[in-house]
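Peer 1: Dumping the structure here so I can ask a few things about it.
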Amino acid sequence: MSSSVSEECTPAKKKYDACFNDWYANKFLKGDLHNRDCDELFAEYKSCLLKALKTKKIDPLLEAARKED
């Protein structure tokens with residue numbers, strides 16, 4: 001698994017990736033489409049990413065790109 005955009009978010013990304021991969025292989029492919037085991041880990045990773053994007057001043061670039069669509 002790759003590192004996160006921000007080094008401080010890599011541990012949260014790795015936890016989420018492991019959870020997602022387990023869910024996908026062991027639940028989703030067996031028909032359990034509504035499992036929410038990884039939601040909390042995703043929220044933690046997303047929060048870290050959003051904070052890092054603001055710190056690195058990347059968030060204005062993302063907003064501008066979204067407006068172009």
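Just so you know, glycine gets a Cβ as well, placed from its N, Cα and C.
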Peer 1: Candidates are Cys9, Cys38. Which one does Swiss-Prot pair with Cys19 through a disulfide bond?
Peer 2: Cys38
Peer 1: Tell me which of 9-19, 53-63 corresponds to the motif 'Cx9C motif 1' entry in Swiss-Prot.
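Peer 2: Here Swiss-Prot associates motif 'Cx9C motif 1' with the stretch 9-19.
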Peer 1: For the domain 'CHCH' (6-56), give the DSSP counts of helix residues, strand residues and coil residues.
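Peer 2: Taking the domain 'CHCH' (6-56) as a whole: 40 helix, 0 strand, 11 coil.
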Peer 1: If you draw a 10 Å sphere on the Cβ of Cys19 (disulfide bond), how many other Cβ atoms land inside?
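Peer 2: Other Cβ atoms within 10 Å of Cys19 (disulfide bond): 17.
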Peer 1: Give the number of CB atoms, excluding that of Cys48 (disulfide bond) itself, located within 10 Å of its CB.
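Peer 2: I count 19 other Cβ atoms within 10 Å of it.
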